[in-house]
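Colleague: Take this structure first; my questions come after.
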2 protein chains.
Amino acid sequence: MRPLILISNDDGYQAKGIRSLTAMLEDIADIIVCAPDDARSGFSCAFSATIPLKLTLREKREGVTVYSCNGAPVDCVKMALQNICERRPDMIIGGINHGDNASVNAHYSGTMGVTIEGCLKYIPSVAYSLCDHREDADFEPLRPYIRKFTEKVLKEGLPKGICLNVNFPAAKAFKGVKVCRMGFGSWQNETTKCHHPRGYDYWWMVGHYHNDEPEATDTDRWALDNGYVAITPTEIDLTAYEFMSQKESWEE
Amino acid sequence: MRPLILISNDDGYQAKGIRSLTAMLEDIADIIVCAPDDARSGFSCAFSATIPLKLTLREKREGVTVYSCNGAPVDCVKMALQNICERRPDMIIGGINHGDNASVNAHYSGTMGVTIEGCLKYIPSVAYSLCDHREDADFEPLRPYIRKFTEKVLKEGLPKGICLNVNFPAAKAFKGVKVCRMGFGSWQNETTKCHHPRGYDYWWMVGHYHNDEPEATDTDRWALDNGYVAITPTEIDLTAYEFMSQKESWEE
């Protein structure tokens, strides 16, 4: 039996990135896509506690089934696992995202939401993102890397509790691959004030990213800025074990 | 000058939990509340990339200012830091949440979204949650603990990149305090199918939680199940450093 891959994203089922990913992998695996019906960028691991969720079948052909869902990226994974997949997927993939999900953006990313949700279900999970927000971004240069990484994960799996956040620079060719740590940075001037014709103020969430570790060469930010594909292994156990040394002062 | 604490939550500015927290702390600090205008449970670290954000002043008295915002919990923190706070807060608190945010729920929690956002801003940040979803839950037993923990953080700070996820059992009294690791568990049967009178199916996101580590006694889940206040130190660096041993096989 061919392996089964569940794919979702946060740009919506019609985005070029998720369609490109499906095309890159459909000869090596059966593919189920369950993705938001429209863009859900910045949705993180959010799920929909209060809205009724619906599924719409968008496409069905040999080896490829595509559904859209009116929920968040994490909803799509949960809905697909319980209501679409007839067997447990061998792998869950988020992407290919239109835009960077490296460094602290991993916390906000709906693409990483998909991948963390897969990892929480103990299924090997990977996020693919391209540092290009454009609707018509060129995903072709990623093809050999995505096929290689996906085949490696299908063959070897991933350690329990660890998923991969893979980011590609916007380039025609890459210098190589770096396994990195998550870089630290800060979003600055995150809200932009505007004035409504009716007389009130409102804000758009638009900021710019500042690299807080410009000297570090082991971060995903450095790898991307220097032309490398960045693989950031990501763990779902959030415990800060180093804090255990302070245990006594908190338990007293 | 008195310390400044920024408070938000995911239950909305009118929830009993956030009003109780404000009342518990307003004699030791100036308080700014900026919280969602309605419930935003399960919003994780989501922010609003596409909706115009508005702020509404709800209350202003000596030492306490309360705004609501139409965005997600993380939006509330970002909006408050840039547009409400006249100085940098000494601490950011999420809560008190009506309901458990221990174990893997930390990934989905909007209360933890507030706290992670504060930590990403390098401000000492804590989430307080009570394992009781009821609107009229009794927060009084938490008072001495919340005052003690908050005063400790105001005095000593927290290590950079580490925030605290503090959960309280639903009880009149607690056996003590445990510093724990995040327990692993799985949400099961997460979607419940219903049939709309117009003839289509829809689903509600309602599941039950299964403890995947029932034998472990060092988890937050164990502490709560056994009557202890659970402090789970949480780090915002998501890197799985143990994976670096596989570095070469991925970079080849």
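Glycine is treated like the rest: Cβ placed from N, Cα and C.
Dumping what TrEMBL says about this protein:
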DOMAIN    B:5-188  domain 'Survival protein SurE-like phosphatase/nucleotidase'
BINDING   B:ASP10, B:ASP11, B:SER41, B:ASN97  divalent metal cation binding site
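For each listed feature, how buried is it and what is near it?
Modeller: If you take the C-beta of B:SER41 (divalent metal cation binding site) and look for same-chain residues 6 or more apart in sequence within under 8 angstroms, you find B:ASP10, B:ASP11, B:GLY99, B:GLY110.
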Colleague: Tell me, roughly as an integer, the mean pLDDT over the domain 'Survival protein SurE-like phosphatase/nucleotidase' (B:5-188).
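Modeller: Residues in the domain 'Survival protein SurE-like phosphatase/nucleotidase' (B:5-188) carry a mean pLDDT of 97 in this prediction.
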Colleague: I need the neighbours of the divalent metal cation site defined by B:ASP10, B:ASP11, B:SER41, B:ASN97. Which other residues of that chain put their C-beta within 8 angstroms of the C-beta centroid, in sequence order?
Modeller: B:ASN9, B:GLY12, B:ALA15, B:GLY17, B:ALA39, B:ARG40, B:PRO73, B:HIS98, B:GLY99, B:SER109, B:GLY110, B:THR111
Colleague: Does B:ASN97 (divalent metal cation binding site) have same-chain partners at least 6 apart in sequence with Cβ under 8 Å from its own Cβ, and which are they?
Modeller: B:ASN9, B:ASP10, B:ASP11, B:GLY17, B:SER109, B:THR111, B:ALA127, B:TYR128, B:SER129, B:LEU130
Colleague: List nothing but the one residue from B:ASP10, B:ASP11 whose Cβ has the fewest other Cβ atoms within 10 Å; the candidates are the binding-site residues.
Modeller: B:ASP11
Colleague: Go through the binding-site residues B:ASP10, B:ASP11, B:ASN97 for me and flag any whose C-beta is under 8 angstroms from a C-beta on chain A.
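Modeller: Listed binding-site residues passing the 8 Å Cβ cut to A: none.
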